[in-house]
Amino acid sequence: MTASGAGERSRTATRRAVLASGAIALLALLAACAPASSADSPFAGRTLYRSPDSSAAIAARTGGTAAEREAAARLAERPTATWLVPERLPAGEVGPAVDALLDDAAGAAALPVLVVYGIPDRDCGGHSAGGLARTPYLAWIDEIAAAIGERSAVIVLEPDALALAEACPDAAARPALVREAAARLPATTTVYLDGGHSAWLPAERMAELLRAAGVDRVRGFATNVSNTRTTSEERAYAHRVAAALGGGHAVIDVSRNGSGPPADASWCNVPGRTVGEDPGPLDDEVVDAVLWLKPPGESDGTCNGGPPAGQWWPEAAIALTGGG
């Protein structure tokens, strides 16, 4: 081979290397700019956490009749979110409870899902009325955040807070408070703001409220929490909201939607409902997962014969599992 031929080959190889490196850089840039897909879902390859201290698990061990224990045991088999409510876990207690739960989840190599539910004027005087005033609420959020630390968790933040905002006295301040609460949660958490459901606000209006609450700074939004809309309805709704936002991700509560909604659109301890599909990830560009967020068997409130909100109701557990 002549010296000139060797030099030409060297120059050609150099040009190819430069072009290849440029192509790799371009692909990396495009990947960085592309919307997140189901491949980067926080649920991909993860096992969802089942708490041994859930209401269903406790009822399965200590319930009254054999039918009550059997129904509770069936519900306890499914990974279900843990609700953090200040009336049950006040300041000084919520941190240790979260720490213990995340330790147990880590020991099981599982991903915990938490629902944070303590905003001022919660439920606007409805069946789940309560919550904390602004300053103690943010301190309570800080305690939760400190307990989580650098560990991972999925958090659904303040069910109904945004969709109910216009019916509450603090309508203007509520999205800003949700935004501040979300900003205080650790970067290791995957946060979904509550986004109502398909039969509540129009998707465009829900998107406006989510945007005001800082949805662009978190993973996305949750739909159908504690409701019974079908999964297909909620997937379509989630896509409409995401389109109105210009992108985003969602999770859907399917814990009690197995029979769909009642004809009258009521939601509180609705008779004739059944549990939905098993929780887990979805292969969907918007919906990351379907989850059991509302624990089946816990009452919605003192309606249709139920006990106060959040209390275990054996009769409901039996009905939801098809036994009544």
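First residue shown is number 1, and so on along the chain.
Glycine too: its Cβ is placed from the backbone N, Cα and C atoms.
It should be emphasised that the depicted structure is a prediction, and the values quoted were computed from it without experimental measurement.
Database features, via TrEMBL:
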ACT_SITE  Asp123  active site
ACT_SITE  Asp160  active site, proton donor
ACT_SITE  Asp300  active site, proton acceptor
BINDING   Trp83, His197, Trp200, Asn227, Trp267, Lys294, Glu298  substrate binding site
SIGNAL    1-38  signal peptide
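Annotated features, which come from TrEMBL, shown on the structure.
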residue	record	DSSP class
Trp83	substrate binding site	strand
Asp123	active site	helix
Asp160	active site, proton donor	coil
His197	substrate binding site	coil
Asn227	substrate binding site	coil
Trp267	substrate binding site	coil
Lys294	substrate binding site	coil
Asp300	active site, proton acceptor	coil
Check: When neighbour density is defined as the number of other C-beta atoms within 10 angstroms of a residue's C-beta, which of the recorded positions Asp123, Glu298, Asp300 has the lowest density?
Finding: Asp123
Next item on the list: May I ask for the distance between Trp267 (substrate binding site) and Asp160 (active site, proton donor), taken between their Cα atoms and rounded to an integer number of Å?
Entry: 13
Notebook entry, point to check: Considering all pairs of residues in Trp83, His197, Trp200, Asn227, Trp267, Lys294, Glu298, annotated in the record as contacting substrate, what is the maximal C-alpha distance expressed in whole angstrom?
Noted result: 23
Item checked: Whole-number Å value for how far Lys294 (substrate binding site) lies from Asp300 (active site, proton acceptor) (Cα to Cα) -> 9
Margin query: Same chain only, sequence gap of 6 or more: which residues have a CB within under 8 Å of the CB of Asn227 (substrate binding site)?
Written below: His197, Asp253, Arg256, Asn257, Pro261, Trp267
Notebook entry, point to check: Across all protein chains in the structure, which of the binding-site residues His197, Lys294 has the highest Cβ count within 10 Å?
Noted result: His197
Notebook entry, point to check: Trp83 (substrate binding site) to the residue listed as 'active site': how many Å between their Cα atoms?
Noted result: 15
Item checked: the residue listed as 'active site, proton donor' and Trp200 (substrate binding site), distance between Cα atoms, whole Å -> 10
Checklist line | Other CB atoms, at most 10 A from the CB of the residue listed as 'active site, proton donor' | finding: 23
